[in-house]
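Let me begin by presenting the structure, written as structure tokens, before commenting on it.
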């Protein structure tokens, strides 16, 4: 096994244990408002600490980029661990059992390893660049549909940028003319993994951060899917808007959503 993958799995499982225990004791949860509609809990922070501890034991010089602490610079800035210690915090707070740990390892700007762990279902999604994607050691492949007919798509709402809601609804209105249904599940990392597993047929969202999607991005691509921004480019880790699906479905989604894009997205 790739040594960094092994450490990423160890870190994800340790963080998952922290989250699962915290989920059982939500009466003790401490919640803080970070910004509009955006919360952080003591479990987010404890999960992050568990991940950092595992990484630092094996790779003390690597740079770590996390949702809660930002960039923790190491001597080796070429290798970056991009972490969301609890993707789906709102679900966690509300008692909805759908959230995950997301860990990506990027080497000189390219994602080499992706790990997403769902501690409630004990599902471990992994990928190494060029070696395929797996769930609990079983190979993953995207659902290779030819068009949008009968597809179920997952998305998220730009709750931190509510000015984008009209565009979001316009995109959904165009897509529902051909697809079967939507799901809004609340964890971008798991949305991407579910695309890779064929549980949903595609995913699109605006306003996500690199730590939400870096691991899931690789998992989709290694499962035979395509990930791009709303213009068909590769800037999604920085722009925060993306589409993920089998290649033909990505093309169909782009054809539907591009007429709805506001000027700031037409670049």
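Cβ coordinates are placed from backbone N, Cα and C, and glycine is handled just like the others.
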Candidates 53, 67, 112, the one Swiss-Prot lists with 84, 86 as binding Mg(2+): 67
Reduced DSSP assignment, residue 89 (substrate binding site): helix
Nearest-integer angstrom distance between the alpha carbons (Cα) of residue 212 (substrate binding site) and residue 86 (Mg(2+) binding site): 9
